[in-house]
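To start, the structure itself, in structure tokens.
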Amino acid sequence: MNTMTLLGKVFLLQFLIGVGFCMLMQDPKRNDTKGTYAACFRSQPQGNEPASPDCLKAFMAYAEDMKNIFHFTKEQINYLWSLERETQSLLHNHRRRKRQAVYLPVRKECRLLSELERQNLFYTVRSLKMDTSNPNEYDTLANLHRGAVQPHAHDGSNFLGWHRVYLMYYERALRRIRGDVTLCFWDTTMEFNLGMDNWEYTAVFSSDFFGNRRGQVITGPFRDWPLPPGLTESDYLYRNMTRGRGMPFDSRAASSIFYNPNTIIHSTITWEGFGFDTITNSQGQTRNITIEGEHNNVHNWVGGAMGFLDPAPQDPIFFFHHCYIDYVWERFREKMRRYFRDPTTDYPGHGNETLHDANYPMIGFEWYRNIDGYSDYFTQNVYRYESPTCQACYYSPYTVCGQGNQCIARMNYPGTEIEEGPQVPNGPVAAFSVAGGTMMMSASNGRGFIATSNSE
């Protein structure tokens, strides 16, 4: 046996040991490795015992998929595997200590972080992006959200679970740089409650937070943020917030998801489900409430890179927004339990009947099945959420406590710190057409988020 073959087997053996604690998964669509993932995860080779040929075959097939689907290099695949090994080790250690009190990192609303907490988090995000190692770790993670993911992780039941796993990887990457940082969530219902005329004046689009809201981002911690070549019409991160296209997360939708006793199964709030509750806007237009639909509206509202599938994660806002979507889902899961429903088994299977099937391998994370994203493991072992309170919002310089004990965003009033960056030449004016819920295509990547509403 030559040295390279031996080293390759050692690496794969280490990988198999590292994921030995992983949730079982079986790929029913690939006959040549059917059942292999589950068998490999159940077994843990001892000492110098070689990994079985079937296990080697299964994981080499995964590596081939990642290369063909995402065009990842060997270094990028190894990087993602290393994040998974760390995550599974964390889960395993927490399970071993389940009878003891275990501290879990707390995800809070971004504006309720202390000044130091927020600066540390934003600096760590910037450090992940600006790292010059090969591969660039931020770009590798962002590329997991490229076009091949669209039919697997959007427009159906797997949207929630896939993005939950995706956030976990991203947070693990941040904590490698600084171990005490935790993701925060951007609750855009605080913007919604300002009223439509004031949405764009929210203080988060300032140098203290996310930077300017239009044009190339030239202020704040994410200024002069390079984009991979050819991804958009711009070489740098840009936004294009425009009134009448998209909107913040509707607080009426959030209230229904949190409290309506008639929406207690996932089919009532997932894309292509039967949708129980509706919202009627000021023009008399009615839409069903789904978490994914409300999520799409925020992408369209921020615009720019956020308005299209491929470049969306290049804007750090993406992860703060999706952290809120995950928070909303967790609040819904808590409501399900109050009504004696089990969120871990209530997988509706809406969307593409094959790719969103409960037992289909989760694209990009093939050691999970889609239904594994609905597990309680994440909020029991990796993180938990803290809901905003009016008392906390009262003491924050970026929020106020409004009527009905609702937290509302503070504003940068017109004429105060509303800097805009250079406009993107030939950049898309609108990501999507609202009429008919159809997509307008970007000149560079052709994929966006379907809008569900364009006004209050």
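Including glycine, each Cβ sits where the backbone N, Cα and C put it.
Per Swiss-Prot, Cu cation B is bound by His295, His299; the candidate from His266, His322 named for the same site is His322. Residue environment of His295 (Cu cation B binding site) contains 23 other Cβ atoms, counted within 10 Å of its Cβ in all protein chains.
The CA atom of His145 (Cu cation A binding site) is located 13 Å away from the CA atom of His322 (Cu cation B binding site).
Of all the Cβ atoms in the protein chains shown, 23 others lie within 10 Å of the Cβ of His154 (Cu cation A binding site). On a Cα basis, His154 (Cu cation A binding site) lies 11 Å away from His295 (Cu cation B binding site). When the Cα atoms are compared, His163 (Cu cation A binding site) and His299 (Cu cation B binding site) turn out to be 15 Å apart. His299 (Cu cation B binding site) sits 13 Å from His154 (Cu cation A binding site), counting Cα to Cα.
Same-chain residues at least 6 positions away in sequence with a Cβ under 8 Å from that of His322 (Cu cation B binding site) are, in sequence order, His163, Tyr166, Leu167, His295. Apart from His145, His154, His163, the Cu cation A site neighbourhood in this chain, defined by C-beta within 8 angstroms of the site C-beta centre, holds Val149, Ala153, Phe159, Trp162, Tyr166, Leu309, His322.
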